[in-house]
């Protein structure tokens, strides 16, 4: 199974670029930008990557993001991920970025998006990896902040494929951002949203009915609502599931408890992704291998989820066929 996972071409649809910041690069960028870290070494940073829930992870995640300042930093961050993606036979990726994490520290929006998109262009030219960029609003910030960020995004509309929603779900339902998403769709952006990770299955309904999303990021709480499971299967609304993340953040106690196989067997369009791989102990192939071993998935299951990742992507039909043939 390991060899098959490594050999098959794959698409990744749920990867936060800030979450691919490995400790080694964190220290390099901290030195470049004269930033003091609370960790004295790379090893100490790695040991600190222990979380009890989403919020405790976010506290460390944002500390790491503080080393990102200039265009070069965002280029290096993105390029590092793309090099790993190439080694894992990822031929298409749709990357999240969180501009508010940086603009709130005084980092220019232009530096963020230019650094990332220049790396993505180089990834296409030098590595053969196609990509789209998804801007995520931080749901624990205000709607006004999201609107301000959207105005910045509109200026770079040709570089941003979709608008998303992430960060702490608790007390931050999708409905809070309905008007912002209405505006985003009117401007031509596609929409996705994190829902049903820590939040209830109702958050998934809200993302579908109010935010009009093309796919649900995480979505594993759908299992609590049989009608929702039936609807997701009927409409083939994709779920971008992140197994190692779910265990690391205590959504499930262990991979053996994960409901991915149940959802897959009920006909849902399930995909596997790495989420924040630097923090959760594995990139895409490691997620595939770990969940395959834990749930005793078959090669047919594996093939189905890889097919789903291309089907669920924002590529057009001919692009999907071309990449998968390769």
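Note that Cβ sites are derived from N, Cα and C of the backbone, with glycine treated the same way.
For the Zn(2+) site, Swiss-Prot gives 14, 16, 194; the one candidate out of 265, 275 that the record lists there too is 275. For residue 197 (active site, proton donor), the nearest neighbour among the recorded positions 14, 16, 218, 275, judged by Cα separation, is 218. Taking each of the recorded positions 14, 218 in turn and counting other Cβ atoms within 10 Å of its Cβ gives the largest count for 14. In terms of Cα spacing, the binding-site residues 14, 16, 194 that come within 10 Å of residue 276 (substrate binding site) are 14, 16.
Note: residue 16 (Zn(2+) binding site) has non-local neighbours 95, 96, 97, 98, 136, 166, 275, 276, i.e. same-chain residues 6+ apart with C-beta under 8 A of its own C-beta. For the recorded Zn(2+) site, residues 14, 16, 194, 275 set the reference point as the centre of their Cβ atoms, and the other residues of that chain within 8 Å of it by Cβ are 15, 19, 96, 166, 217, 218, 240, 242, 245, 273, 276.
DSSP gives residue 16 (Zn(2+) binding site) a strand state.
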